[in-house]
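Pulled from Swiss-Prot:
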- 10-177: domain 'TIR' (DOMAIN)
- E86: active site (ACT_SITE)
- 172-447: domain 'NB-ARC' (DOMAIN)
- 620-642: repeat 'LRR 2' (REPEAT)
- 643-665: repeat 'LRR 3' (REPEAT)
- 834-854: repeat 'LRR 4' (REPEAT)
- 859-880: repeat 'LRR 5' (REPEAT)
Amino acid sequence: MASSSSSSRWSYDVFLSFRGEDTRKTFTSHLYEVLNDKGIKTFQDDKRLEYGATIPGELCKAIEESQFAIVVFSENYATSRWCLNELVKIMECKTRFKQTVIPIFYDVDPSHVRNQKESFAKAFEEHETKYKDDVEGIQRWRIALNEAANLKGSCDNRDKTDADCIRQIVDQISSKLCKISLSYLQNIVGIDTHLEKIESLLEIGINGVRIMGIWGMGGVGKTTIARAIFDTLLGRMDSSYQFDGACFLKDIKENKRGMHSLQNALLSELLREKANYNNEEDGKHQMASRLRSKKVLIVLDDIDNKDHYLEYLAGDLDWFGNGSRIIITTRDKHLIEKNDIIYEVTALPDHESIQLFKQHAFGKEVPNENFEKLSLEVVNYAKGLPLALKVWGSLLHNLRLTEWKSAIEHMKNNSYSGIIDKLKISYDGLEPKQQEMFLDIACFLRGEEKDYILQILESCHIGAEYGLRILIDKSLVFISEYNQVQMHDLIQDMGKYIVNFQKDPGERSRLWLAKEVEEVMSNNTGTMAMEAIWVSSYSSTLRFSNQAVKNMKRLRVFNMGRSSTHYAIDYLPNNLRCFVCTNYPWESFPSTFELKMLVHLQLRHNSLRHLWTETKHLPSLRRIDLSWSKRLTRTPDFTGMPNLEYVNLYQCSNLEEVHHSLGCCSKVIGLYLNDCKSLKRFPCVNVESLEYLGLRSCDSLEKLPEIYGRMKPEIQIHMQGSGIRELPSSIFQYKTHVTKLLLWNMKNLVALPSSICRLKSLVSLSVSGCSKLESLPEEIGDLDNLRVFDASDTLILRPPSSIIRLNKLIILMFRGFKDGVHFEFPPVAEGLHSLEYLNLSYCNLIDGGLPEEIGSLSSLKKLDLSRNNFEHLPSSIAQLGALQSLDLKDCQRLTQLPELPPELNELHVDCHMALKFIHYLVTKRKKLHRVKLDDAHNDTMYNLFAYTMFQNISSMRHDISASDSLSLTVFTGQPYPEKIPSWFHHQGWDSSVSVNLPENWYIPDKFLGFAVCYSRSLIDTTAHLIPVCDDKMSRMTQKLALSECDTESSNYSEWDIHFFFVPFAGLWDTSKANGKTPNDYGIIRLSFSGEEKMYGLRLLYKEGPEVNALLQMRENSNEPTEHSTGIRRTQYNNRTSFYELING
């Protein structure tokens, strides 16, 4: 159950309390992983040191904000004052905040915890000796232990496996969270009826893909209903309701970021990995190919036909896996007429309308009978529309009886047509300035970011922030998850209706339709009433008229959109606050304009060579946006702009210099000069207010001047790809303020100043691609908080020895060609304790280039040593206990694999190396589940690999047992052709395969099991051994949980081939045989979890005379068996000896 559905009082679902030295790397890490996989937001203090007695404030805050606390009592739990104080805090929060505490007794007796016996008694003896002056504190510990050990719902792992214990705890929490997260449904009026009908229509337990359309007018509650059914289906515990992925895509028609952004959001949510496709066609292809095997639940909310959303988001049923359900909400019935189901949402019946209105007007109880009667009058006017009931209820909330009567009388005396007119009462209840703000948002600012809107509104209206809060409180606008100011369509329609009440466009206060603006401009009908013109669409016929604009003395906001005007703009009203014009055709902006009120100037994609030549006094100006000004060579003088906050010069490709007066602008927050390819001179800047400085890809900028002023903690400086040769030391004068420094692809950078090592808060540092950088500062080890360091593609040959002091470093990369010289990594003993990923590929490493004690990197999970020249590897690699992935591809001189770490599950080597050591890989490294072979590009190589791998199984000296169910995935380096290695005799493509077995196929002590191969994604597979005759004989069944072989199984793809072995010892159950022999069973069936696969299968024997005789047999009949009806079968043709080399 997703934690987002939990009560807003909690920041976390679960807080984990544990003794690090006992369970951090075992039980607790597994529990944390399962909780996260279930979508349960869990706080685990990964970096806890457990020194001292006082727990940090942020840890106390996390405990207070967690809905559940899991306490893992282990043998040494009581030895830690940290843990005991943490427990005291947890039990306090249980009392204060009604949190749920779940104790787990990990290899300890609950009575030992409850009564402090055994190891707990010993720990308290030491505490009482050492802290004898803190009697009260010790007593608090004892009480907390006693209370925790007496709690219900505990788990004792002594009578169950770790997996069972974890499953019990996670199921317990999931169930409670599900009930809590769905509790909000109790407050949605009439929702039960909708849920019952929709769930029945969706027929969740039925196979196939279904698309349902929820249709109705705006404001009738379609989104609310869709969200409720979405949460309800996800909250069901029944297995038929389990989906592989789910996504609620809200307010689709308001999307302004392109179709591909919606596709990326949908794919990211469903696949649980970041999707970043740049156009809708790529996104469409990926959705069709990657979701077809996934059972998904999708809601596409508020679809219209403007941008053909359905075509690109749910174009075909074949896009989605069996059992998928797609729900669409829309006002346009014709968009969903071809779907399986259309569910119409109509107005609420009277009794539900009254209930909903009272919920918003009164909260709980109606004050008296007079309000009851007035409520019925309001409900009657609403005509059952939920939006109107909510808005009017909020409007009348906390008003006196006389005010109620006045508002209702106002409704009666104004015969508005339709609900839009009725919603106007909300507008009429606003102050005049708040009304003006509302109309600005409704007519042209809806969907813009909150900060941007406030800046425009504040330039026009006093108290804009307070006014926006009033609009939110009155349910007229709301802030979206993207921090955009949004409103319901009907509310927006109501605002536009108010403005359009006057018939003549020239007499209106606001215009937003291009054709109406064109009419006013061409007929010179502008008047003093005009306050704002905002054209967001392109118009090829819109022409600017100076005469028409001269009549608009009160014009505050003027956005001409993307017009093709070639008429000179000679006049703009002095009252203007915001001017926007895309494709501005002239080389300069008129110097005669006196725009002292101007706040926002945006002239993108213009023909400007310069904005103006003289100094302009613009005291109100906060934003200048001249991005994509391809002909602009210099900026204006900024001296007269003391309040300037944002300057956007992005992709001004001919801009050569920024005026030095920019350094006088102390309020600047953002400077955007990325991709200014010709920029050569940049002034000193004041960084007191600066939050972003973008100089990325400024190729010609070789020098960055000193900066002055105190940096803000959140400042971001992007210089990657620039031509800067050296960095000014003033950037690093404030030691705690920079957390990320990206310097990659700075081709001229020759050195880093030693002052960079003062950045004590630096978390991420990249000098990747700085091809002239030869060394690092000797004090690099002083960067105590550094977690990511990328020095790929540089000339660095030996990092400073101090680098091993970076004990918080997680990722370290020196990847890159060293041009004939050899890279050498310093000794690492007693250092780099947190390092998880080390990339030394392409480093021209030779023997001795790696430290012999590399095995001391205890946290290392991924090591990339590909394309190097060493002949041997340090033997201590075997001591890398956490290592999961090792890359040795294209190491041409490597002749011997070292002993591999025990936890390794992915190995990337060349094919010849894999074949040479396949016996070792198969028999000695059972946790190895994936081998990556970039150079295995033909069927012969795959056949050889399969033959060699399974030959090693047959050559095992011990008997094959159920535990020998080998699973190994081969990454091929290219999408695998539609072909399975021919060594597998039985081949096909289906979600299930049945193979008829020959007579006497089973030879005691000779038959080993079934060798199986299939392509594409790794899924669980079930093997069935089926009797020849239906003589009430039981099937033999074995489920192979292959998807659990690797925690990163989601990485498996069409580039992979999966080999696995079904041992006969694991399939055959003598207790079910009832005296029958294996030869009484004549069919082997494999089921691939409902997903179609390209498969191959082969029976596997030890060599011997009986086997040779069997292999000469042929099946006498090709008739299908009664057991395989409706399932694709592959007939048993001939079978060569396992030891015979590959056919073909």
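Cβ atoms here come from the backbone N, Cα and C positions, even for glycine.
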On the repeat 'LRR 2' (620-642), the mean of the pLDDT values is 94
Please list, for the repeat 'LRR 3' (643-665), how many residues fall into helix, strand and coil according to DSSP. 5 helix, 4 strand, 14 coil
What else in the chain is close to the repeat 'LRR 3' (643-665), if you only count residues 6 or more beyond its ends and a Cβ gap under 8 Å? 619-637, 671-686, 689, 694, 708
Outside the repeat 'LRR 4' (834-854), six or more residues from its ends: residues with CB under 8 Å to it: 787, 792, 807-818, 820-828, 860-874, 876-877, 880, 882, 887
Please list, for the repeat 'LRR 5' (859-880), how many residues fall into helix, strand and coil according to DSSP. 5 helix, 3 strand, 14 coil
Using DSSP reduced to three states, classify E86 (active site) as helix, strand or coil. helix
Under the DSSP assignment, what numbers of helix, strand and coil residues are found in the repeat 'LRR 4' (834-854)? 1 helix, 3 strand, 17 coil
